[in-house]
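Colleague: Residues or ranges marked as chlorophyll a 1 binding site by Swiss-Prot: TRP79, SER85, GLU98, ARG218. Residues or ranges marked as chlorophyll b 2 binding site in Swiss-Prot (evidence: similarity to another entry): ARG103, VAL152, LEU181. According to Swiss-Prot, the feature chlorophyll b 3 binding site maps to SER156, GLU172. Marked as chlorophyll b 4 binding site by Swiss-Prot: GLN164, ARG175. The annotation transit peptide is assigned in Swiss-Prot to 1-36. Sequence annotations record features per position, and here Swiss-Prot assigns transmembrane segment to 151-171, 219-239 based on sequence analysis.
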Amino acid sequence: MATSTAALTSTFSGQQLKPVNELSRKVGAGEARVQMMAPKSKAPSGSIWYGSDRPLYLGPFSGSPPSYLSGEFPGDYGWDTAGLSADPETFAKNRELEVIHSRWAMLGALGCVTPELLAKNGVKFGEAVWFKAGSQIFAEGGLDYLGNPSLVHAQSILAIWACQVILMGAVEGYRVAGGPLGEVEDPIYPGGSFDPLGLADDPEAFAELKVKELKNGRLAMFSMFGFFVQAIVTGKGPIENLSDHLADPAVNNAWAYATNFTPGK
């Protein structure tokens, strides 16, 4: 991680941190060094999603937001009954994990519904249902990317696995390392070559986009969980399940499936 070059004010404890590049923390008999990166700028005071006046959703067991959730970061609604964000290092790590999982979930949800929608409108796929598509690798003709044999033609699960590891690993390594020259200071919002449209040029608009990204990402993670459950219970894709529900809501609904579900059948 990039080291801080200015004095920091901790939003978790309200205490001034010493203006040094590294913070030393003693652990047992030894000593570990923890490097913290300063945010480039604080969230805009004019946004309703930041600061003490932001919308709060505290849940049934919290009367007020904890002191370490001050509204500095996007998606902070003041709810942390379990105290998962109390430790600054853990909070920073969890924020990064949430954003990365949100982005993958949004891509995944789009990838689950798009082939089914296209197939329903006449586009030919070998298999449009997301959890069945991978099995086409073992079919006689293999799996054609986007149903086109002139693109990627896959017949080896090991080759697909290797490509996934290499490509995804390269992208994540590129992001975490700060790009080819290590110029990126914030691995969550790297900007630069990762922002060719310049969406982060305006700080006010960028702060709003961070909130929108997390909102949509959280919904996408719940959606993916729902797709997993649907696949196990009904054996159908999300679009087909939606069509069945709209055709007969009284029969095709979550309650009916939950009360009649028998594992293994």
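Backbone N, Cα and C atoms are what each Cβ position is placed from, and that goes for glycine too.
Please situate the listed features within the shown structure.
Modeller: For the recorded site, TRP79 (chlorophyll a 1 binding site), the DSSP three-state label reads coil.
The number of other Cβ atoms within 10 Å of the Cβ belonging to VAL152 (chlorophyll b 2 binding site), over all protein chains shown, comes to 14.
For SER156 (chlorophyll b 3 binding site), the count of additional Cβ atoms within 10 Å of its Cβ stands at 13 [all protein chains shown].
DSSP assigns ARG175 (chlorophyll b 4 binding site) to a helix.
For the transmembrane segment (219-239), the list of distant contacts is 101-102, 105-106, 108-109, 112-113, 116-117, 120, 128-131, 257-258, 261: same-chain residues at least six beyond its ends, Cβ to Cβ under 8 Å.
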Colleague: Select the closest residue to ARG103 (chlorophyll b 2 binding site) from the following binding-site residues, measuring between CA atoms: TRP79, SER85, SER156, ARG175.
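Modeller: The smallest Cα gap between ARG103 (chlorophyll b 2 binding site) and any of the binding-site residues is with ARG175.
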Colleague: What is the separation, in Å, between the Cα atoms of SER156 (chlorophyll b 3 binding site) and GLN164 (chlorophyll b 4 binding site)?
Modeller: 13
Colleague: Of TRP79, SER85, GLU98, VAL152, ARG218, which is closest to ARG175 (chlorophyll b 4 binding site) if I measure between C-alpha atoms? They're all binding-site residues.
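Modeller: Among TRP79, SER85, GLU98, VAL152, ARG218, GLU98.
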Colleague: How many Å separate the Cα atoms of GLU172 (chlorophyll b 3 binding site) and GLU98 (chlorophyll a 1 binding site)?
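Modeller: Cα-Cα, rounded: 15 Å.
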Colleague: Inside 8 A of the center formed by the CB atoms of TRP79, SER85, GLU98, ARG218, which other residues of the chain have their CB, for the recorded chlorophyll a 1 site?
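Modeller: Neighbours within 8 Å of the Cβ centroid, excluding TRP79, SER85, GLU98, ARG218: GLY75, ASP76, TYR77, ASP80, ASN94.
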Colleague: Within 10 Å of its Cβ, which one of these binding-site residues (GLU98, GLU172) has the largest number of other Cβ atoms?
Modeller: GLU98
